[in-house]
Structure formats: C-alpha cells, structure tokens
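Participant: Quick one: the structure is below, questions incoming.
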Amino acid sequence: MAKKEALTTTRMLLVLTFLISLFSLSMCGNTSFSIDYNGNTFVLDGKPFRAISGSLHYSRVHPYYWHDRLLKMVAGGLNTVQTYVPWNIHEPKEGEYNFKGLADIELFLQTAQEVGIKVLLRSGPYICGEWEYGGLPAWLLSIDPNMIVRTMDPGYIAAVDKWFDVLMPLLKKYLHENGGPILMVQIENEYGSYFACDFDYLRFLYKKARGILGETAIIYTTDGDGAAYVKCGSIEGSYITIDFGPTNNPVANFAVQRQFQPQGPLMNSEFYTGWLDHWGNPHAHTNLDTVCKSLDKILALGANVNMYMYEGGTNFGYWNGANAPPYQPVPTSYDYDAPLNETGDITDKYIAIRQTISKYQKLPEIPIPPNTPKGKYGTTQMNFVSTIQDALDVVSPDKPVYSTYPLTMEQIRFYYGFILYRTKLPRDINQLTPLLTKGVRDRGYVMVDQVPQGIFIRDDVIQVNITGKQGQMLDILVENTGRIGFATLMNYNVKGLTENITLDGEILTGWNIYPISLENINSSIISTRQGSGPKLNNGLLTPSIYMGKVPIPTSDPEPKDTFLDMRPWVKGQAFVNGFNVGRYWPKMGPQVTLYVPKPALVSPSLPNYLVMFELENTSCPPSQPCNVIFTDKPFINAIPAGSSFSVREIKEGYNWNLRV
C-alpha cells in the first residue's frame, strides 16, 4: 500500500511539474522543433540540434525505475530517448483501454520531461521489437483469423483508425511545440521489410497522424539500410531514417538515406548495441570495441543516432514475442547486451559509449547514478498447492466453453498464457495408441485423468501415444509461448488448438474449453486448497501450482531487487505477490534467473508470496520439498550445446550440467 501511495504521490508531483513547465513555456514562447533540410540539421528552439539517443521501452521497465533509467541515460551523454507504443498493452481487449502500470505512457513522458530528456516516439500501430505480435492486439484475430495486418485490410484499418483516435490526441499534448518532450513521432516500423509494400496503407497512417498531430509535427519512418526497404517503407511528407548495426559501413549506409532524401540530417534510428535472444540459443553478445568504433564513425559524420537498445529490460508476463521460421520464442529477459543491463545497472559498454560521446559534446555535470542494490535472500521451500485440474474453479471460474470441435484462443476471446481442452476417451485404449494433431500453438501437455502422457510441440512433435479407459478425462493444456512479430508469418498467429485431434484416426469431439487465468491465484485461496498431488509418468508431472514465501529478513528496512534462480525447475510461469514476473525455462537456456524488481515486493514485515506454475517436472528428489533460491546476481548466459549443454556464469561459476 505504501508503494502505491508513493507512486501516486510521485505521479501527482510529476503532473504538477509538467503543468508548470507548460505554463512557463507558454509565457516564453518560441518552443519549436523543425528540420533545416538545407543545413542538414534538426533545429530545437531556434538552435541546431543533434539527437544522441537510446532506446528504452517503458513497457519493459517497472514505472518505479523510469526516473532512474532516464537519469542514467542523461548522465551517459544522451539527450533523447526512443520508445515504442505497444498497442496491445494499451488495448488488451477491444475497446478497453489501459494506461496504468507498465502502460502509463503519460507518466513516462512526464518523467522524461522532469529529467530533461527529449523523446522520439514510435507510435506503431506495428512496432516489432520482439514484443508479442509486434505490438498488435491479439483480439484482431477474433475479428478475422485470416486478417492481413499492416495493409488496407478493412478489419485491420477500422481497428487502427479507432486506436489512433485515442493515441494521437494523447501524444499531441506532449509534443515539444506544446511544451512536452516529444520531438518526433514515427509511424509503422521497418515497413519496407514487410511483403505487402502497401502505399495506400502508409498514406492512411500518415494522413491520420498528420490530421491529429498538426501540420508542424515531424512524422518519420525507419527502415533497413537497403534501397528496396526504404522504397517500400517511406512516405511523402515524412522524414526518412534508416537503421544498421556496428559491423556496417556508415558512409555506405547513409548513402541509401541520401538516395531517397538528398538533404536533411542523417540519422540511424536503430544502431544495435547488442542483439536479441531466443530460447535454446546462446546469449547474444556484441563486442564493445566494435560498437564504440562504429558509433565514433557515425558521430564523426555529424549524423544523429539512436542506440537500440540502451536498456533492454524485461518481457514481464506473457509479453515476449517470437520469430519464424523456424518458430523461436524470445525469453523473458530482454537484456540485449545493452549499455544498461536488464536491471538498469551500469556496464563497461555504458562507460565506453559515454567516453565516445564525450569526444563530440560536453557531458552533463551530474554524477552517474549508482546501481540499484540487490538482495541475496537465499532459499525458500516451494509447497505443492494443486494440479491445474483441481484448481479450475479458481483459475477458470466461469463455465467452460463447449464446442464439438476445438476452438482457438481467439475464438473464445482469450488471448495470452494457457488454455485447457477437455473431452472423454470414447473407448478403452489398452495399448499405446497415437493421438495426433498438427495444430498445437505452441506446446500441448497431454494428460489422461491427470496422468501425463506427453507433449505436443509446435512444428515438431505432432503425435503423443496414450492409453486409458473409456470415459476417462483427456486434457490438453496448451501454452501460447508468444506470437510471431515479424515478416509474413505474423499473419498466421492464432493460438491454442488450431486443428482437430484424432485418436487412432478418429476425430475426437465434445470439448470443454477452459481459459486459464493464473492471475486469479492469491494467498488466501491457496491456503484453502487440498490437492491430491501431481501424477508422475514418462518423466513428466501433472502441471501444478506451488507456493512459497520470499525469505526477506524482517530486519531489512525495505526490499531490494532480486533474482529468482529457477534451477532445478523445468518450465513454467512465476508470480510474486500477483505480479507476473514471466516465463522460466532454465533447461533450455540461455536464461536461468528471473528478475524480480523491488516494487513487486512488499515490506519485509509482511509476507511476500511466490507462486509458480510448473508445467513439466520439479526435478526434485522423490518425497522431498522443492526449493528455489533468491540471489543477487543474474544468470542469463547459459550455453546450449546440442541436446545437452553445460552452463557457464562469468563471475560466479556454477558446477552444473543440464540435460534437455
């Protein structure tokens, strides 16, 4: 409660500060931001301006830390922050808008104003960013599962039109010319890399944004460093920018921008300081010297630059996206090997980039803010609470949806996390018999009367052999592990069971479908459960809920950031005091620990509850409780090596081998 009150007070102060600044600017006048095409420069309040920027996505950093991160960016020599607007976090259900918590864009903009950093705002509607569905709301697929997004598809355009009527007026009041921090607004993102090349669509977005933002607002586009990309991604009236990484030749890349925009400031909108991760691949790393030398070349050309990412942050909850082909979901951590790491700590890359920037402009005379303290809280015992089936009254309290054949998540208007499909076996199955489908999106846990039989895996395992008796419950718990957010395959993004299930060639019918809302779990409900225990078969346990308490010493004045070491757990979802920390999958790697931000915790004098939904196996010795460890160091660089991988941690070595 105290933290909520503190955040509310902080917000009120920021709003007051913002209103005072608006009044002051209105009295002074002359607030403007424009492009001098002949002088090849931006002009801020009548003076030449060069953007030295970094990407930070407000939806990937807890609001409690926005001020800290933005101040570190300013101390690092940056004058601008670039951020995405994920439509889906703001409109999770059609017509229901959210501008609180991780979605409080106004608080973020007010914080930027207070810190004194300008904003490059990437409005979408599509953003990419390895975010769920590229930022598009999954309810679009309830309107039309065959919708071709990012085109003039009527259903898509109607939804975008309504969303921009909500978003653009909000952005307008925060434009620099109106006293706010926003210098420019980007529409779409890297559209030239998309197959459609629909200029009518780009013109629609531009006209819509221009009509609301006004004639003097700067609207821009970002595309890759090839002529074909810029040709399909730029639109008349907008300012063109390009993106490229540290191994590219800046002179050659900027020549592409000049081909389509002969005059005006040069700008790389995505200069890659690192790269993204996928489950099962090594943690990405970009050489520090390579980054700094390339940045030096860009700045020596007088160009503007945005570093993607400056802090990557975290895909809390179910917000991670995926790439394809092949289908590869992104982990919870979006560390990106960025100058500020996932938790906002200073890295060697931060110091080196700051030094490079100092060659071209004076650094601000402020100290670099310290890293946030971390808590090493030790071991906590996790107690079994219930199998998912025995908790359906809590996690799926409404009546199940009945259908003769399976329905997708989108068909029942449920979009993220988990969904359970249930029918009865039509006859005795005394010998192992194939249960078959090619339509699981993305992992399907098969059980007969709660006894695990196997796992369907998207594009991989399409058959699970089962046994059972007539009338026994056949359950398939399907996990949506993240929608594709890039290229053509993002148009095939429905989740759940997308095709029929056959048993020895016979189509199974009569399905009850349960949307699973794990957010409904709380400590009072958990304490009353009397579960019978998970069933073990084929190395799998029934997907189950476990609970423990974060062992913060009561003598501590307040909690600290901490990391949840998920060994020896296998795969699942973790919640701290109801806050969805994200997915864990330590045996797949590279991420092993989950970041738990301080504001997810409550006073050490009160209980802090950890709830875990384990899908596969606890890997604990029989008849012994399972534990997890809260540590003060992240571990996101486990090294996969084929079907097994050893694990290496740079600073604190673990003598630990994993088998997938």
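Just so you know, the numbers here start at 1 and follow the chain as drawn.
Backbone N, Cα and C define each Cβ position, glycine as well.
Straight from TrEMBL, here's the annotation block:
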ACT_SITE  Glu190  active site, proton donor
ACT_SITE  Glu270  active site, nucleophile
DOMAIN    41-359  domain 'Glycoside hydrolase 35 catalytic'
DOMAIN    406-516  domain 'Beta-galactosidase 1-like first all-beta'
DOMAIN    543-601  domain 'Beta-galactosidase galactose-binding'
SIGNAL    1-28  signal peptide
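What's the neighbourhood like for each of these?
Facilitator: Within the same chain, residues at least six positions away from Glu190 (active site, proton donor) with a Cβ under 8 Å of its Cβ are Cys128, Thr222, Asp223, Gly224, Tyr229, Gly233, Asp243.
With a cut-off of 8 Å between CB atoms and residues at least 6 apart in sequence, the same chain places Ser55, Thr222, Asp243, Phe244, Asn306, Tyr308 near Glu270 (active site, nucleophile), listed in sequence order.
For the domain 'Beta-galactosidase 1-like first all-beta' (406-516), the DSSP-based tally of helix, strand and coil residues reads 7 helix, 58 strand, 46 coil.
Residue counts of the domain 'Beta-galactosidase galactose-binding' (543-601) by helix, strand and coil are 3 helix, 26 strand, 30 coil (DSSP-based).
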Participant: Tell me, by DSSP, whether Glu190 (active site, proton donor) is helix, strand or coil?
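Facilitator: Once the DSSP labels are grouped into three classes, Glu190 (active site, proton donor) ends up as coil.
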